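A short write-up of the structure that comes next.
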Amino acid sequence: MSLLRTILLIIISIHFKLAHADQVVLLDTTREATLEWTRYPYGPQAQTPGWVEESFTDFVKGINWRSYVVCDVAYHNVNNWLWSPFIDRGSANRLYIEIQFTIRDCSLFPGNALSCKETFSLLFYEFDAATREPPPWQTDSYRLIARIAAGEGRFNQNSDVDINTEVKSIAVNKKGVYFAFRDQGACISVLAVKVYYITCPAVTENFAHFNETPTGREITIIEKQNGTCVDNAEPYETPTYLCKGDGKWTILTGGCRCKAGYEPNYTNKTCTECPLGTFKSPEVTKCTPCPPNSNASKTGSPFCKCASGYYRHPNDGRHMPCYSPPAAPTNLTLLFVDQTSAIISWSAPAKNESFSSETNSKIYHSDIVYKIKCNICSPNVVYNPSTDTFNETKITLTNLEPVTTYTVQIHAINSVSHINEFKRHSNESSLVAVSDIVFSNTSLLNIPLDLNEVKTGQAEIVFTTESVLLSTVFNLRILAITNKDADLEWDKPVQSDFPLEFYEVGWFPKVELDAINKSALNTKETKAHIVGLLENTEYGFQVRCKTNNGFGSYSNMIYAQTLQSVGSVYDDSVQIRFIAGAIVTGVLFLVIFIIATVYFMRSKHQDDLDKKSTNHLPLPLDYASNEVNSMDTTPIVKKLHLNVTTPLFGNSRSYVDPHTYEDPNQAIREFAREIDANYITIEAIIGGGEFGDVCRGRLKIPPNFVQDIDVAIKTLKPGSSEKARCDFLTEASIMGQFDHPNVIYLQGVVTRSNPVMIITEYMENGSLDTFLRVNDGKFQTLQLIVMLRGIASGMSYLSDMNYVHRDLAARNVLVNAQLICKIADFGLSREIENASDAYTTRGGKIPVRWTAPEAIAFRKFTSASDVWSYGVVLWEVMSYGERPYWNWSNQDVIKCIEKGYRLPAPMDCPEALYQLMLDCWQKQRTHRPTFASIVSTLDNLARQPQSLLTTRPSPESDGNHILDGQRGQNIFISTDLWLEHIKMSRYCHHFKEANLINAQQISRLTAQQLSDMGITLVGHQKKILHQARQLDTII
């Protein structure tokens, strides 16, 4: 029972620490025996009783607090102040003050209250030092935090007392702060005051300790904290943790790992020393017994030292066994010998007893190579295999001298042969003792070795070549060789029983071994001059003698290469230049001809189109029988049908759907650039999305990674599902395929460390709809057309890549500091953020107000359905962020679109732009313009600003653009609701003072009336008058 109680107390204490680790309390009046705060007025000269210190007791709740009470409702001009003691802020950046209070209802003082109020003021005064005298009691000396009123804590004599709790916070800079309570005629009891600041608690993560960190001066500011490694650990990347404004840690990067010789304890997050006989190197994750032929004589060993006579392969790592150099080859045998050649064979060294397993034995035998040593062999001797080291067990020697005794050594070498005893003992402090030459299992072949520098096993054999045949020429040599000639010389035969008649000299190109005797000359001298050789060709030369008894045997073959003449090189280069020049000239003529042909055909095509086009600005659409009739209407955008010029060089790309990849990581590797998280600095959290936080940050850019740029950083929430991670990476895979000035640019992704991040360019002005609402009425029409042209250009690029956006809306278009609009939000499978804007079908949710009718009915999304959405975006831009179809339900929107109704022209909208909207809203998707033609139309409008002077007439002459009268009459219920509907509720009191209470009065409003009412903002005047005109039409 006592053990259970002890465990429970430990759990409670741990929970207590965790629960209170986020707050550092600087003042708590509930723990004070007396307060004695400064009050004003105070003393005999005071005109009012002012603040009085007393005890607040509630035996049921166990409360006995010192508190302050004031209730000067019976006095005029009440101005009571209560001043807290000086509170040193310590390391706080932002202070929180929690007040528990009650306020009496003024109804308790009927007829007696001269200045009864139900609020009081909370103020503060920053100071760099405590002072005996309070600051002056003027309002200007203090900064107001808030006027505080009671919520549920207002009471009278017939009700129970409810205690109000109010928490406020302020950013602080100076050494400390005074808080002040100002009463101006209320009946208040300040029961308890607590001042504290919030910290991210001290934690240990990734074997790095992060100290307690106060939050930033603002709620949205994050504080970066560097961690320190725990004992016996070292950083693999600087550990950093970000402290959010709510006192929670987020986005851990970097960390530490246990040093060699120490084992990680993931439960306690400590590094434990390895015991004797074990080691822990970077290659293993925990303390491991020493491998064969090694030992660890002390605790905390990073590796096990090899036993005497054993060595560790430098590429094997410190967790591998130690080996000894190989023994000598066995069964060294002379298989064949004659006058000029010999063949030697041997067996591999015997199995090394140091290998304790079959695996080790295989490793040992697989990396043995051999090297031959013959001290008296001349440089003309040829070895086969010809490499310096080899792994065969047989070798052939040719070009030996007759009747000569040779001593040949065969040396066996493996990957530890280069570690001799001296180097081993001189490197005891090193992790692995190695020489300057580092071998691997594959690099032992064909490398030059000094046998004095390696430890080998060797075997030796001695043999003598046979005597020479009669009449054999010796010592053939080349005296000189040019590009076409060669001079040879040789020695006479050692002995000959027959007189010599002449010598026959033969030569042939080395590549033509079958033509060995096709070129020959005879001479009686022991030298010859050969002419007519080919330049830059390797030849073989042999000589034999002719006696009365016949020809003797050929001498040993020697090889030499003729030289390259300078003249031929020059002639060849000149010839190559002439050929290259002719080819380039021909290609240029061909390109010029093709360009001229293409230009002629396009000019002819453009002339044909100009002849067919009669008027750039079309007639308005006709709404007959509630259907859009486009047969007799010339569309504002020239539609292109199959008259597309084929590019000279094909450089188009097509969009690849990342969902076709089984592994989303493969799509990321193909379409996105991986960025090292060390080059990213997060500065502030600017929002939140479906997957996680959205932050503003900086990205260091190559090549020197000194300069940095602003970027937007989207992070994946820790613990997100695998589907969320796939959707997150899919959006990056989509963005990574696009490169256009009007499409959001993907800088890269971070997938190899946590959290997973998407890095894009930073758009300073945020989403287009919000930006337009904030800047209502501030732009000229040409500026809006430039923004619309950018959106159309980006969508034209996406359409050319066969990508369908499906969710084009002003909220999904971002605006940068230069007012350039860029298409964003490519999460096709994402849920619609605002459920009221979505229409649910069996295929998912659809943003009805922006979606083409065929996409709503049949889920048929094409570039033509994106054009419909673009028409709605065009309406949003011209109405400065007005919500399409206002507060109508989704079902009403769908029914009215099917009947042929369309949105009315925004106020002051040019006729040409509204006609473009109607073209985009053609019911038949094949009748809608393409994005390329929309870009062309907007370019023409920008070049002809006079065409923008004609604005759309009032909707009263075109009733089909709005809902019927019965629906419209229900829109106006009251002035307040109408103003709230059009988001102008701030002017409710202006309309009340002007006594505008019904729809007829509002419909006849003028700009002068609004100015007289005090509504002076031009944008707001336009918006109210525009809505009043629509109200007049409905009436």
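Each Cβ is built from the backbone N, Cα and C atoms, and glycine gets one as well.
Here TrEMBL annotates a disulfide bond for Cys71; of Cys116, Cys187, Cys200, the partner residue is Cys187. Which of Cys106, Cys200 pairs with Cys116 is settled by TrEMBL: its disulfide partner is Cys106. When the C-alpha distances from Gly688 (ATP binding site) to the recorded positions Cys71, Cys116, Asp807 are tabulated, the minimum falls on Asp807. Rounded to the nearest whole angstrom, the C-alpha distance between Ile686 (ATP binding site) and Cys187 (disulfide bond) is 42.
For Val694 (ATP binding site), the count of additional Cβ atoms within 10 Å of its Cβ stands at 16 [all protein chains shown]. The Cβ of Cys187 (disulfide bond) lies under 8 Å from the Cβ of Val70, Cys71, Val73, Ile103, Arg104, Leu108, Phe109, Cys116, each on the same chain and at least six residues away in sequence.
The DSSP breakdown of the domain 'SAM' (978-1034) into helical (H, G, I), extended (E, B) and coil residues amounts to 41 helix, 0 strand, 16 coil. Counted within 10 Å of its Cβ, the other Cβ atoms near Cys106 (disulfide bond) come to 18, all protein chains included. Gly692 (ATP binding site) sits 21 Å from Asp807 (active site, proton acceptor), taking the C-alpha atoms as the reference points.
Taking H, G and I as helix, E and B as strand and the rest as coil, DSSP gives the domain 'Fibronectin type-III' (472-565) the counts 3 helix, 49 strand, 42 coil. Counting only the Cα atoms, the space from Asp807 (active site, proton acceptor) to Val694 (ATP binding site) is about 20 angstrom.
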